[in-house]
Amino acid sequence: MTQHRPPLEIRLCGPRGFCAGVDRAIQIVVLALKKYGAPVYVRHEIVHNRYVVEGLQARGAIFVEELDEIPAAHRNQPVVFSAHGVPKSVPADAEAKNLFYLDATCPLVSKVHKQAMRHQRLGRHVILIGHSGHPEVIGTMGQLPDGAVTLIETVEDAHTCHFDDEDNLGFVTQTTLSVDDTAGIIKELQARFPNLAAPAAESICYATTNRQDAVRAAAPGCDLFLIVGAPNSSNSKRLVEVAEKAGARMSMLVQRAEDIEWEQIGDISVVGLSAGASAPEIIVDEIIDAFKARFDVKIELAETTVETENFLVNREIRDVELTVKDMAFVNGEHRVVGISKLMQGK
């Protein structure tokens, strides 16, 4: 006799998962391995996702935290800088060591770097809204001399900070912050420093905003909201917070289906599901399959917008063909993001 499975609605958010910057960064490592052979070194996790990192390691990537960890015998092999960006000192160190490097910094993070440098060029002290210790924050602060940037993490920081010249200030933000929380910090800073200069363009990236909007729209009425992402993924953790604030009874961050605590979930009838910008779609599929094994699942697409952005890879590797098979370890065999457009503009 077939076991009865209770009904379950899964609200599958769209957009979700990989953004254009993450796609580009992973593809840079894949293409470098195809062109130059293993090993390809990567400074820091290329993106904050264990599954992605392990998949690239299996293909010949070696992850290091500092360039000094690269053996002398492999100094002729390429090193890739992560999507989060690096301080100016890192490429300078690579050049001093005669290393060939490929910079996989997200173009939107690079834009924040340029905005910060523009503030300084115009004589402003730079305020960076972000989380201390995050690689993106370290990279942005490292674009300017010591003392040229002040990090603000909370509204309380914004309320208590002081500057020598309060009329010459400019701010930028980490790209992966909560839109709502950042708005509160900016409001407090603007109230205290009326001449505070904003960046020429929004610092929080389109993908962060889009994923938060989709979760916010889907969360009301959800018994549980699952976000696929790593514990060190800033944008994924923000999605958990957004789901809770928007009305989900419970929200969880999981890296794989095996992380779901079924006993803790209890009785549920509506589940929201999304993924951080560094989480692969193949894990979303895995989690849906885990629910299908326990419930009679009906999937409702909770889509708020459609993303079409694509970023070109580095010129040095545009002559290498990227195939569906190359990216199947993160996208699955049925889904490829950006490959057809990636190679345009050679």
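Positions of Cβ are set from backbone N, Cα and C atoms, glycine also.
Computed from a predicted structure; not experimentally measured.
In Swiss-Prot, the isopentenyl diphosphate site is described by His48, His134, Ser233, Ser234, Asn235, Ser278, and among His4, His84 the residue recorded at this site is His84. One way to see the shell of the (2E)-4-hydroxy-3-methylbut-2-enyl diphosphate site is to take the Cβ centroid of His48, His84, His134, Thr175, Ser233, Ser234, Asn235, Ser278; the remaining same-chain residues with a Cβ within 8 Å of it are Val47, Pro135, Glu136, Thr176, Asn232, Ser236, Gly276, Ala277.
According to its DSSP assignment, Glu136 (active site, proton donor) is helical. For Glu136 (active site, proton donor), the same-chain residues that are 6 or more apart in sequence and have a Cβ closer than 8 Å to its Cβ are His84, Gly85, Val109, Gly130, Gln174, Thr175, Thr176, Ser234. Reduced to three states, the DSSP call for Asn235 (isopentenyl diphosphate binding site) is helix.
Non-local neighbourhood of Cys205 ([4Fe-4S] cluster binding site): Cys19, Gly21, Cys106, Leu108, Thr175, Thr176, each in the same chain, at least six residues away, with C-beta under 8 Å from its C-beta. Under a cutoff of 8 A between CB atoms, and with a sequence separation of 6+ in the same chain, the neighbours of His48 (isopentenyl diphosphate binding site) are Gly229, Ala230, Asn232, Ser233, Ser234, Ser236, Ser278. Neighbouring residues of the recorded [4Fe-4S] cluster site, listed in sequence order and excluding Cys19, Cys106, Cys205, comprise Ala20, Gly21, Val22, Ala83, Pro107, Leu108, Val109, Thr175, Thr176, Tyr206, Ala207, Thr208, Ala277 (Cβ within 8 Å of the Cβ centroid).
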